[in-house]
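Asks: According to TrEMBL, the protein carries these features:
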type     : residues : note
DOMAIN   : 16-75    : domain 'V-ATPase proteolipid subunit C-like'
DOMAIN   : 96-154   : domain 'V-ATPase proteolipid subunit C-like'
TRANSMEM : 12-34    : transmembrane segment
TRANSMEM : 55-75    : transmembrane segment
TRANSMEM : 95-117   : transmembrane segment
TRANSMEM : 129-154  : transmembrane segment
Amino acid sequence: MSTFTGDETAPFFGFLGAAAALVFSCMGAAYGTAKSGVGVASMGVMRPELVMKSIVPVVMAGVLGIYGLIIAVIISTGINPKAKPYYLFDGYAHLSSGLACGLAGLSAGMAIGIVGDAGVRANAQQPKLFVGMILILIFAEALALYGLIVGIILSSRAGQSRAD
């Protein structure tokens, strides 16, 4: 008869981290794409020649989902309790990794959506605003990149809980 140590539930937290990374990042990507897309469609009625130039926020929002996918794959490949022990520390490291990346992607998607919507509409009326809009979008995208970097660092901590 084996005793319950709590480590039997550790993969649950790891898989929850992988799901959180993907789900929250994709929610941010979807919101950013939808909100920016509405602005592009509205602007396209007034200035159809600027539509292709105004797709930048939609593309930047779509990249956020890729960040979540990267972390989800890193986490899920690190969960193999049959090959080597997977402790609660590892599960919590993977959960925090997924939440860091996912929630950063969600917040960046919200920022990109709002800035993209207002920015493409303003760009239709004053083309000199394009560079400023792009700079704001880059800084919003950087928030998700910070989450990706922290997620990779936290995920790499899994497996370092005990000397095997």
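Placement of Cβ uses the backbone N, Cα and C atoms for every residue, glycine included.
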Asks: Taking residues 6+ outside the transmembrane segment (129-154), which of them lie with a CB under 8 Å of any CB in it?
Replies: 21, 25, 28, 53, 56-57, 60, 63-64, 67, 70-71, 74, 93-94, 96-98, 100-105, 107-109, 111-112, 115-116, 119-120, 122-123
Asks: Can you work out the mean pLDDT of the predicted model over the domain 'V-ATPase proteolipid subunit C-like' (16-75)?
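Replies: Mean pLDDT for the domain 'V-ATPase proteolipid subunit C-like' (16-75): 94.
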